[in-house]
Amino acid sequence: MYILFTLVLTFVFCKPIHSLQCYNCSHSTMQCTTSTSCTSNLDSCLIAKAGSGVYYRCWKFDDCSFKRISNQLSETQLKYHCCKKNLCNVNKGIENIKRTISDKALLLLALFLVTAWNFPL
């Protein structure tokens, strides 16, 4: 009886472990349709646009930063987005994904110049 009770509790409270599914294409110029199961250490999906191509792959969420992604992909200009749902790295609205550090730096520089121009020393 105790064994049966333990088995029932195990099935009720333990969820099966499924690996994350992500699209997986390198420097694609078209919509990616190939998917893959991510390994346990890659817990998010990445979509990164660089130049005329788009990268789709499994990615470690803690490494979802401009520096890590640009180093790994050997790209100096890119926009990227990491997500944690199955097949979430689709090429919809890629123009709205995170801006790169260089875009933010240009905006900050422009703001500084406007402020300096309006408030002379």
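Cβ atoms are placed via backbone N, Cα and C, with glycine included.
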With the disulphide bonds as Swiss-Prot has them, who is the partner of Cys58, out of Cys38, Cys82? Cys38
Answer for the disulfide partner of Cys45 (Swiss-Prot, candidates Cys22, Cys25, Cys64) is Cys22
Looking only at Cys38, Cys58, Cys82, Cys88, the disulfide-bonded residues on record, which one has the least crowded Cβ, with the fewest other Cβ atoms within 10 Å? Cys88
Which chain-mates of Asn24 (N-linked glycosylation site) that are at least 6 residues away have a CB under 8 A from its CB, listed by sequence? Cys32, Thr34, Ser35, Thr36, Tyr56, Arg57, Cys58
For Cys83 (disulfide bond), the closest of the disulfide-bonded residues by C-alpha position, picking from Cys22, Cys25, Cys45, Cys64, is Cys45
To the nearest whole angstrom, what is the C-alpha distance linking Cys22 (disulfide bond) and Cys88 (disulfide bond)? 7
